[in-house]
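K.L.:
This is the structure I want to talk about, given as C-alpha cells.
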C-alpha cells in the first residue's frame, strides 16, 4: 500500500488568546492542518475544539493558570516538555499562536518555539500585543515576550490589538474585534496550505515555503479578495495593505510568497497584473515564489495571499524604511512671526482708509500725492506764522520750475502770488517770512474776495495735472 507523502502543518495555540484563535480557525473549516492547544488553565482547555490538548504544568499550577506571570508559564512549559515534543513529532511546519502580555502565552510560547526549532520544524510565530487601555505594565511584559520569542522562530508576525480600532466602528462588538485579529492568522495559514494541497497550474511544495520563510525573522501576512473590474489589481493591493499588522510594510522584504487563487475564469493577464503589483513593492533582489491555484467557489473572484519575510528593523525595533501612513495627522500651530505682527498692525491702521477715501473724493490720480487735505467751502483764518512754517515745509517737497509753470499756465497770476512768496497746495498766496501782519490781512481779504467769486476754483496743482 503506497504511503501518502504530504507535509504536516500544525497550528499550536498557546494560552487563552492562542486557544481562541484555534477555535475560530476550526469554525472556519480550514483544511490541511492539525490543531493543538496548550494551556495552564484546565477550564480553558475544556472549551477548546482542538483534537490535541496539552495541560501545561500540572504540578506547577495544578490547572489553575499562570496568574499573569510569564515565569510561571515558562516553568509550566518546561515541566511538560516531553508532551510538547510528542505533539511536534513529524511536523514540518508549525504556526505558534499566542497573546503577549499574560502569563501562559508570554512565558510558554518561547519554550515551545525553542523545542520546535531544535526538532528542525519550520516555526512561524503569530502573536498579538495588548490594547493601550490594558496598561503600560502589560505592554512591557508583552514586549519582553516578543523579544524572547524572536530568538526561536524563523518568522515572526505581530498583530497589535490597538490596530483593531483602524477597522472597527461604534457597532463592532468585542468578540467580533478579536475575530478580525484571528482572521490574519487564518488567512496566512490558508495562503500557505492552499499552495501545497489545492490543484493548480503553478503548484509549490514545502521546500519552496521553507526557502522563503526560514530564518527571515520579521514578516507580514496579507490576503485580499475582489471581484468585478480590475479584480486582480484590487485583490493584490488589499493583500499588501493589512491595517492590523504591526507598523511594517513590504518595502525591502527579502522573501515573498504569493498565492493567487481564483476560479477557472481567471486569466493569464490577471495573474501577471497581481504578481507585478506585489513585486514592485519589495526588494528588487527578493526571492519571490509564486503559486496559482484554482478554487471553484471563487468563480468571478480572485484572492491574493502574500507572505513577505526578511523585513529589517533598526536598533529601536522600528522598520528602517517609511511605513504605511495609518497614524492620524498631527497639526502644529506656529508662533506668530515678525512679518505677521507687522501685517496685523498695518491692517489695524485707519489712516490708510482715510487717505484712500480722500483721494477718491478729490478724483486724484494714483501718481499724485494722496495726503492732500479736502477742499473746504469756507476760507480759514489767515496766520502769517503758519504761512512761514508751510513755506519751509514745501521747500523740501515742491520743486516746480517757475518757467515751466508759466508755460503750463498762461493765465496771469495775482499780484500776491508774484511777491516773492510761493503758491500753497491750493494756489492761495503765501507771504514770505518777515511780512507784517497788516499786509497778510490785506492779502487774506483779497483772496477771500476771489474765493467768493468762484467757490469751486480748481487748485493749481490739479490744473497742472489736467494739462499734462
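Placed from the backbone N, Cα and C atoms, the Cβ positions cover glycine too.
Nobody curates TrEMBL annotations by hand; they come from automatic prediction.
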K.L.:
Looking at TrEMBL, which one out of 51, 75, 176, 182 binds GTP in the same site as 16, 17, 18, 19, 20, 103, 104, 105, 134, 138?
P.N.:
182
K.L.:
Which site among 20, 104 has the most other CB atoms no more than 10 Å from its CB, taking these as binding-site residues?
P.N.:
104
K.L.:
How far apart, in angstrom, are the most distant Cα atoms among the GTP-binding residues 16, 17, 18, 19, 20, 103, 104, 105, 134, 138, 182?
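P.N.:
Site span for GTP, by Cα atoms: 20 Å.
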K.L.:
Take the domain 'Tubulin/FtsZ 2-layer sandwich' (202-320) and count its residues per DSSP category (helix H/G/I, strand E/B, coil), listing them in that order.
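P.N.:
Here the numbers are 33 helix, 39 strand, 47 coil.
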K.L.:
Which residues does residue 182 (GTP binding site) neighbour through Cβ under 8 Å, counting only same-chain ones at least six apart?
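P.N.:
Expected: 20, 21, 24, 25.
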K.L.:
Ranking the binding-site residues 16, 18 by other Cβ atoms within 10 Å, which is at the bottom?
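P.N.:
Minimum Cβ neighbour count within 10 Å, taken over the binding-site residues 16, 18, occurs at 16.
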